[in-house]
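To start, the structure itself, in structure tokens.
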């Protein structure tokens, strides 16, 4: 009994110590008296594009517990497969392309229709034909049971072993078409790659939730590459000297890789990319023949889940937010707002993240509001807007203009108002809650509408008639007209 009591006392002491350490790791990190529109602080150049990184040590990003990155992939550029230590949500800001994910433990569901003969060159036939068969195979196997999927995986392994002496068909996990407006949710540890098959740059922005319960490391983004090599390294991240960032296969000895993959040592050395200085975005020479579904102009409407087919291997991870006909708030003369949460994309319930897409016309205003359950990171994709943000002390901590490519972090509870100053202002907003709640200060569903007139009149020392106008004059819920440029001065601080 005494031993059990000692063990219990020790466990409680450790928990208290760890809790205290976590709480004191970043003391007062959200006591912000000024916010800034942020630009990328580091650029990692590659053969067919670049990766632009925001400084996650910036106070407002530390408060939100996130990091932010922008991938710019040139035509025929391939972003090599990598995985992250935490949940992330990406948004396709420009262009189109292909995306592939490899979910651990899941079998291949796309199978090629053409047979590859060793020494015959490319194993791929015409893209359209193989795509239709790949889609059929994906749907058929994706709804199969676990044992059937395991059987397919074993069959693929058997085909791979036999491929040294006879023909075989390539098999891999799901490949999707992506386009502007697509929002992509990804689990930690899921390897992901992108390919630009269009004629213009493919621009993808992503937020990583460093404070996620799924991140068991520190509050630093850790990207693990399966292929390629970054000659510039991550000195900006870890404070180390300038040294390349190699892929994870580089750390193993060639002999171990040769035994694991059943290949010769020379090929194993090639997997380590030691002499490869192309970076993490490489240019594909010739056709890019992967199995893909046929491209459709519009995505089919999702059917109601039946509780059987939705597994970690087949879970939908993308949704498009650029279609006004599917908007949650739409006014032809003002603009629209589309919300993506776990009710629309169930995978977000596990990731505890959500997104909002906004597009408003000049002089349209998003009514003052705050998020009661999440931090938010706003990225401008097009145009310009005037934004004011107010903290818990009643100080205006941001009062200025944001433009395309800039980032603004808005902590939980901070109130914000946006007004478009260009012909069109468009943004994507990432939130650290699967079902973030918005509370408005003015409008039909606002906090003012919920207060009695007597409370408003006495609280602000105004007449009942003035209180009535404050409460009822704004009939909109989210978007309204702005009368024109307001007075925007320097951030206002409380009197000393």
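Backbone N, Cα and C define each Cβ position, glycine as well.
Annotation source Swiss-Prot lists signal peptide at 1-23, citing similarity to another entry.
Within 10 Å of the Cβ of residue 63 (disulfide bond) there are 22 other Cβ atoms, across all protein chains. Summarising the annotation, Swiss-Prot assigns disulfide bond to 30-63 and lists similarity to another entry as the type of evidence.
What Swiss-Prot lists as domain 'Cupin type-1 1' is 35-269.
Annotation comment: Swiss-Prot describes 109 (among others) as phosphothreonine.
Annotation comment: Swiss-Prot describes 114-170 as region 'Disordered'.
Look at Swiss-Prot and you will find 122-154 tagged as compositional bias 'Gly residues'.
What Swiss-Prot lists as domain 'Cupin type-1 2' is 319-468.
All chains included, 22 other C-beta atoms sit within 10 angstroms of the C-beta of residue 336 (phosphotyrosine). When secondary structure is read from DSSP and collapsed to three states, residue 336 (phosphotyrosine) falls in the strand class. Among the features that Swiss-Prot reports, phosphotyrosine is placed at 336, with the record citing similarity to another entry.
According to Swiss-Prot, the phosphoserine annotation covers 338, on the basis of similarity to another entry.
Within the same chain, the residues at least 6 positions away from residue 432 (phosphothreonine) whose Cβ sits under 8 Å from its Cβ are 64, 65, 66, 209, 211, 352, 353, 374, 375, 376, listed in sequence order. The phosphothreonine annotation in Swiss-Prot covers 432 (among others).
When the Cα atoms are compared, residue 63 (disulfide bond) and residue 338 (phosphoserine) turn out to be 26 Å apart.
Of all the recorded positions listed (30, 338), 30 has the fewest other CB atoms within 10 A of its CB. For the recorded site, residue 432 (phosphothreonine), the DSSP three-state label reads coil. Geometry remark: residue 338 (phosphoserine) versus residue 30 (disulfide bond), CA distance 28 Å.
Between the C-alpha atoms of residue 336 (phosphotyrosine) and residue 30 (disulfide bond), the distance comes to 31 Å.
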